[in-house]
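Notes follow the structure.
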């Protein structure tokens, strides 16, 4: 399918989705773009719903002129807001108040036991059954194009929401800072009580194209020499273990499928990132067929590497996503940190702001031996 047809389809979907209402509050679709690079966001769950990029295959315009390749959407998702309402995968969502798992759906802070809403067996996952991904965020700023295309969304989480203490004002800014660079800046303020905060961006990436099949041949490098092992319920044990001589070792680039069979279903683990600088290298992904490369940096201490192990979901254009159809790199504080004093703290107190930055850099690499 040509890039022009792809863009027409996306334009139709954009208008189909726009101006929808959920529980009386208006939901919109917002595009930020620079040339042939565009990102679409909805304020329902502050979600990334599409990322359009060229691939390595040049398109001939005239005999003597060609332009960068076919435009493809590299983020898994849906065609309508209604599907996002019923979503159980967290496609593209901004997760909070605390992303990932909290064991036993409870924690103690300053001598008070807080009991949360369990939504993952006996545990709390991604902030609870509603979390930040199933609410309508406010649009504070929006500039579609120009020198700094961006959108800022905010959400006020009230005291006691999903069992968490205190009011929290959260925000996320998605921006295109340079050609093929997507910046994500998540912030939060505790307004009146100390509370855990751990925001994470949960886009399912397939840089070969959302409908291009599995990601097992993608080459991945993760800049972390340790993981936080988990029990049978995916709750951290409290250990921080080396990846050396295990299937979790991506310190040198290798294909995702190289050792995935040694794991019960695939990758779903938090890595403790090695660097201590503010914006640290997290991961690099390379797709041989499209030539696309995604390089991720972030300020968080960890990253959840997830390979969509049990995914079976009808998505955009009716395409059915199968297990291992995508990669997730959810930069974050360590899971269940509220119950493990040896993990970096995720507690935010009034007067001390939470800031979590991510930077995705996309590029093209035409040949495998250049990696």
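Backbone N, Cα and C define each Cβ position, glycine as well.
Where the annotation comes from TrEMBL, it is an automatic prediction and has not been curated.
Pulled from TrEMBL:
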SIGNAL    1-24  signal peptide
BINDING   100, 101, 202, 203, 204, 268  beta-D-galactose binding site
ACT_SITE  202  active site, proton donor
ACT_SITE  330  active site, proton acceptor
**Study point:** Most distant Cα pair in Å, residues 100, 101, 202, 203, 204, 268 binding beta-D-galactose
**Key:** 18
Exercise for review: Out of 202, 203, 268, point to the one nearest residue 330 (active site, proton acceptor) in space (Cα versus Cα); all of them are binding-site residues in the record.
Suggested key: 202
**Study point:** Candidate with sparsest Cβ neighbourhood (10 Å radius) among 268, 330, the listed recorded positions
**Key:** 268
Check your understanding: Which residues, sitting 6 or more apart from residue 100 (beta-D-galactose binding site) on the same chain, put a CB under 8 Å from its CB?
Key -> 125, 126, 198, 200, 270, 304, 330, 332, 335, 336
Review point. 10 Å Cβ neighbour count around residue 101 (beta-D-galactose binding site)?
Key: 22
